[in-house]
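A quick write-up on the structure given underneath.
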Amino acid sequence: MSELAFNQNDFHLWQLLTAHFVHYDAMHLMTNILALAILLYLFPPSPIDLVQRLVLSLILIDIYLLVSDVEFYVGFSGLLYVIPGLAARHFLLKKEYWQLILVILLLVFYVFILSTGTNISGEIIWQPLKQAHLLGFAGGFIHFKHTTNS
């Protein structure tokens with residue numbers, strides 16, 4: 001994992017991509033897989049929208065990693081927040097404000113309350129990078145205009 005993780009003290013360019021696909025431990029990986037399944041079930045995005053927003057969010061998170069004082073980063077959870085970002089945008093455009101409020105409350109609840117990085121016994125497992133979650137959400141929320149040649 002150490003070669004693939006983003007490490008400010010031993011930086012390699014490929015780590016900007018690989019860090020998103022390695023995890024601190026098996027529990028970290030399992031929570032990301034479970035979250036991915038739940039989010040895709042609750043808010044199924046179109047494949048084109050999802051890929052565009054994932055690439056944008058990956059770039060936003062990587063820029064943040066490069067300009068901040070973050071020394072170590074692993075995990076997919078920042079990119080997971082693209083999905084609720086897409087859902088929030090959809091609900092806003094459809095004027096479904098209750099659903100929009102629910103998605104935003106879910107984001108706030110997770111990022112600022114539940115993502116403490118502790119398990120039930122209170123032992124610290126990993127420390128989530130809340131900024132990555134917010135950047136992932138923002139990347140999902142940003143709109144791209146689709147054009148077709150007819």
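Placement of Cβ uses the backbone N, Cα and C atoms for every residue, glycine included.
These come from TrEMBL:
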DOMAIN    12-142  domain 'Peptidase S54 rhomboid'
TRANSMEM  26-43  transmembrane segment
TRANSMEM  50-67  transmembrane segment
TRANSMEM  73-93  transmembrane segment
TRANSMEM  100-120  transmembrane segment
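The list of residues near the transmembrane segment (73-93) in space but at least 6 beyond its ends in sequence, with Cβ under 8 angstroms from a Cβ of it, reads 1, 4-6, 19-24, 28, 31-32, 35-36, 39-40, 42-43, 45, 49-50, 53-54, 57-58, 61, 65, 99-100, 103-104, 106-107, 126, 128-129, 132-143. Restricting the average to the domain 'Peptidase S54 rhomboid' (12-142) gives a pLDDT of 84. Helix, strand and coil counts under DSSP for the domain 'Peptidase S54 rhomboid' (12-142) come to 91 helix, 4 strand, 36 coil.
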